[in-house]
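A.B. asks: What TrEMBL lists as transmembrane segment is 37-56, 167-187, 199-219, 225-245, 252-273, 279-300, 370-390, 402-421, 428-446, 452-476, 488-507, 513-534. The feature domain 'Major facilitator superfamily (MFS) profile' is assigned by TrEMBL to 98-539.
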Amino acid sequence: MTAMVESAKAEEGKASKKIETFDDILPYVGEASRYQWFLFFLLLPFTFVYAFLYFAQFFLTLVPAEHWCAIPELRNLNFTDQEIISLAIPPATDEELRLETAMPFSRCNMYDVNYTELFERGVKQADPSWPTTRCKQGWTFNHTMIPYASIAAELEWVCDKTFLGSAAQSAFFVGSIIGGLIFGYIADRYGRIPALVSCNAVGFFASIATAFCNSFWSFCVARLIVGSSFDNCFNVIFIIVIEYVGPKYRTLVANMSFGIYFAAAASLLPWIAYWIADWRILSVVTAFPMIVAFLGPWLVPESARWYIMSGKIDKAIDMLKKFAKVNGKDIKPEVLEEFEKSCRSMIEKDQSHNQYTVLHLFKLPRLARITVMLVIYWLLIILVFDGHVWNLKLLDPDVFTSFSLAALTELPAAILLALFLDRWGRRWMGFASMFVCGVFSLIALLTPPGGVTVTMAILARLGVNVAANIGFQYAAEMLPTVVRAQGVSLIHIIGYIAHIVGPYVVYLADVNASLPLVVLGLLSFADAFLTLALPETLDQELPESLQEGNDFGVEQSFWWIPCISSTPRLKRSLRNQEGTTNVAFHHGSVQTIDSTRL
């Protein structure tokens, strides 16, 4: 009854309770009304930007598994590909046969003989006793499954140069670390919108520049600059949108917006690459959604949190009035006056937190242990996620279809989270998702190569998708308020190490074709059981001080499951009244929404 009365008062624009946080004023201006719907749809182009930046390089450097030494002499004599292979290419070496994508013939060696003389003698079949040598005049690629020559194929990043594609991908994520520091400073100093526009502008022009690259080093530099815009190109607006949505709608908006938009973008990208069939044009086309960011100052509202913490409370109030007008709400002056007083109190509280640094996370033993476990937990999730992305090219020659299907798992992952995350809790759902990922990774080893193996790998991808959507929310809820933002940023930055290493997982196949999936499966199991060593955060009072962070969860039993436990739960007052105060995020992102500090 009390909640109904408060809701009715909010509808009338009257104060129903003390306004202590930014969330408390949202009912008076609209929590999920017309303006929030506008922001929800505005996420679409930026989510496409995020997906395109994340995955475009996969298709910019894609190399057909079937390639062999080019023999211009025989090509000039009108030999077919099969005739060239029969005469000039030796059988695959033992090392090559260990690869998942092994061919019956060698991809890096050729017979070292005079082919013109052999042709004149009418020889059409090779003699295995002939001497062999490494490819001397480049390579020929079979583009049946991959209908275009990527930059890796054009520059022949194969055999001894295979690692160059992964090195370029690592450069992209090195750029992400640099960009995170630069655009993070811009966001704090000049506002979220300048950061959103500038990082997308950098990504746009660097993506265009990528199309003009003609060497490994120029490509690396271009991709490093493109990487500097990832993932702030999306993070900034995502945080703003979640900030302006009412707490009880955040889980749905955060998960479904990403699940729908990201799944659509990532599953569409392979077919854009397939249809365009030109890596240079693909680089330009995938940059187009970033143009929307240039309209950011007119479309995207500035962060109210940034306005408040910058002392621009009047601008935050003006924005709230705009929201109320668009949403058809009539907010009373006394509500805004109380909000202004609360804002000044919040500023003082926030300034008191400035005395703390990320090093304080390691001052108390249990808090330090939790922090280290959270870092490892996130590192393993990113490593497994990227490992599964890159391993797809080893499992299925039809990489476009398999990549698209794997990307679509983002949607069921989001649905599962929306349905069960606030019932089962972060701990057990995180355990289950990574355990499932490990199971399907290892089952894929026991199935014959082909569709069944790919299906198992895609189901493993679904598991790690769910875990990734839990991971950063989990960390942000567990760390104490006084160092929460810094702690989450630390975990985020260290996570880029896994992004840098992830593409190299596929090279384990050089040792044994099964090794990538074995390693991914074992890492998944390790991460699953590591989750159980962490405390549950669902329905718990979030820690404020360092000591509260150190003591967080000590009273919880190992087997406690929120949805079935009869143990009295320590519920947050805001959760009882408004719903979940969600801390939204995705893999590779710092998207922390801490309403208690707004």
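Every residue, even glycine, has its Cβ placed from backbone N, Cα and C.
The model shown is predicted, which means the values in this text are computed figures rather than measured ones.
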A.B. asks: Do any residues of this chain, six or more beyond the ends of the transmembrane segment (279-300), have a C-beta under 8 angstroms from a C-beta of it, and if so which?
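C.D. replies: Non-local partners: 42, 45-46, 48-49, 52-53, 56, 59-60, 148-151, 154, 193, 196-197, 200-201, 203-204, 207-208, 210-212, 229, 233, 237, 240, 269, 272-273.
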A.B. asks: Are there residues at least six beyond either end of the transmembrane segment (428-446) with Cβ under 8 Å to its Cβ atoms? List them, or say none.
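C.D. replies: Tertiary neighbours of the transmembrane segment (428-446) are 381, 384, 388, 395, 417, 420-421, 453, 456-457, 459-464, 466-467, 470-471, 474, 514, 517-518, 520-525, 527-529, 531-532, 536, 561.
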A.B. asks: Looking at the domain 'Major facilitator superfamily (MFS) profile' (98-539) alone, can you tell me the average pLDDT?
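C.D. replies: That stretch averages a pLDDT of 88.
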A.B. asks: Mind pulling out the one from 37-56, 199-219, 252-273, 370-390, 488-507 with the most Cβ pairs under 8 angstroms to the transmembrane segment (513-534)?
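C.D. replies: Most contacts with the transmembrane segment (513-534): 370-390.
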A.B. asks: Quick one: find which recorded stretch in 37-56, 252-273, 402-421 has the most Cβ pairs under 8 Å with the transmembrane segment (452-476).
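C.D. replies: Looking at each of 37-56, 252-273, 402-421 in turn, the most contacts to the transmembrane segment (452-476) are made by 402-421.
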A.B. asks: Count the Cβ pairs between the transmembrane segment (167-187) and the transmembrane segment (199-219) that lie under 8 angstroms and are 6 or more residues apart in sequence, then report whether there are at least 3.
C.D. replies: yes
A.B. asks: Per the definition of 3+ C-beta pairs under 8 A with sequence separation of 6 or more, do the transmembrane segment (225-245) and the transmembrane segment (37-56) touch?
C.D. replies: yes
